Amino acid sequence: MDKLDIRLWTLAAKGEIVPDRSLLKTPEQIRAIKKSADLNTAVLDHVAAHIRAGMSTDEIDRLVYDFTVAHGGVPAPLNYEGFPKSVCTSVNNVICHGIPDEGEILQEGDIVNVDVSTILDGYYSDASRMFTIGRVSPRAEKLVRVTKECVELGLAQARPWGHLGDIAWAINTHARENGYSVVEDIGGHGIGLEFHEEPFVSYVTPKGSEMVLVPGMMFTIEPMINEGSPDFFIDEDNGWTVCTIDDGLSAQVEYMVLITEDGAEVLSK
Ligand code: MF3
Ligand code: CO
């Protein structure tokens, strides 16, 4: 047992949830995963430079596929558990897992989440951004702004020997103060060696609860914020698209973070 093992073991003995050592990335793994994350961010920048009204969400899929492959990567969503496209595009009332479609044309006033996940040299990265198409309603604008604030406030709580629940608490508090709700059953995840690793990351759990944060942990901060009910249904036709139950707007922003010795580093956003 080394010093870290003893510290983890002591916390576990006190009833804390601690990560398995396999979830703590080595310096070599971190270097390789950062390359994947840099490509992931570049894909998002490429989308940001081209997204516009009149474009179909399938054109976004093509932008993502072509750019990723041209840079030696593979889009992680493609064929993941049967997902048919290279990216998730979630428009307005779609919470997440929207499937790009040539018949879905972005209109002025839409808000859209583009969720990009990349495999490079076998290492995984994942981040998403909100885009506003042309001029959007003050209502949509505020939801997108508050969602970005939620993720920043969550990130500010991400520190070694804190808890995942500290991040959730900051996010949920800010969302609720603005009259919004946080989706409960879909959340973030560990990432790096696999697309989805332990732990599951909730954004509705109390401060001080859930897994202890330890240097080397990597996971996503990706709350889904709804203007109305947090409840959702999944489109039966495709088994993927998650929609708000009340047809209200939903927004999501995703950062991929690494817990360091003195805080947290954003690897892709
Ligand atoms: N990027 C999504 C996430 O944050 C992954 C969705 S799975 C997919 O977990 F197959 F829809 F891509
Ligand atoms: Co994710």
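Note: Cβ is positioned from N, Cα and C throughout, glycine not excepted.
A TrEMBL annotation is a machine prediction, not a hand-curated record.
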Binding-site annotation, TrEMBL, divalent metal cation 2: partner of Asp126, Glu222, Glu254 in His163, His189:
His189
Per TrEMBL, which of Asp115, Asp246, Asp247, Asp262 sits in the divalent metal cation 1 site along with Asp126, Glu254?
Asp115
Using C-alpha positions only, work out which of the binding-site residues His97, Asp115, Asp126, His196, Glu254 is nearest to His189 (divalent metal cation 2 binding site).
His196
List those of the binding-site residues Asp126, His196, Glu222 whose Cβ lies under 6 Å from any atom of ligand 2, in sequence order, or write none if there are none.
Asp126, Glu222
Env. residues of divalent metal cation 2 site, Cβ within 8 Å of mean position of Asp126, His189, Glu222, Glu254 Cβ:
Asp115, Ser117, Ala127, Ser128, Gly188, Ile191, Val201, Phe219, Thr220, Ile221, Tyr255, Met256
Quick one: which residues besides Asp115, Asp126, Glu254 have a Cβ within 8 Å of the divalent metal cation 1 site's Cβ centroid, in sequence order?
Cys88, Val116, Ser117, Ala127, Ser128, Thr220, Glu222, Met256
Spatial neighbour of Glu254 (divalent metal cation 1 binding site) that is closest, considering only the binding-site residues His97, His196, Glu222 and their CA atoms:
Glu222
Non-local Cβ contacts of Glu222 (divalent metal cation 2 binding site) (under 8 Å, 6 or more apart, same chain)?
Ser128, Val151, Gly187, Gly188, Val201, Gln252, Val253, Glu254, Tyr255
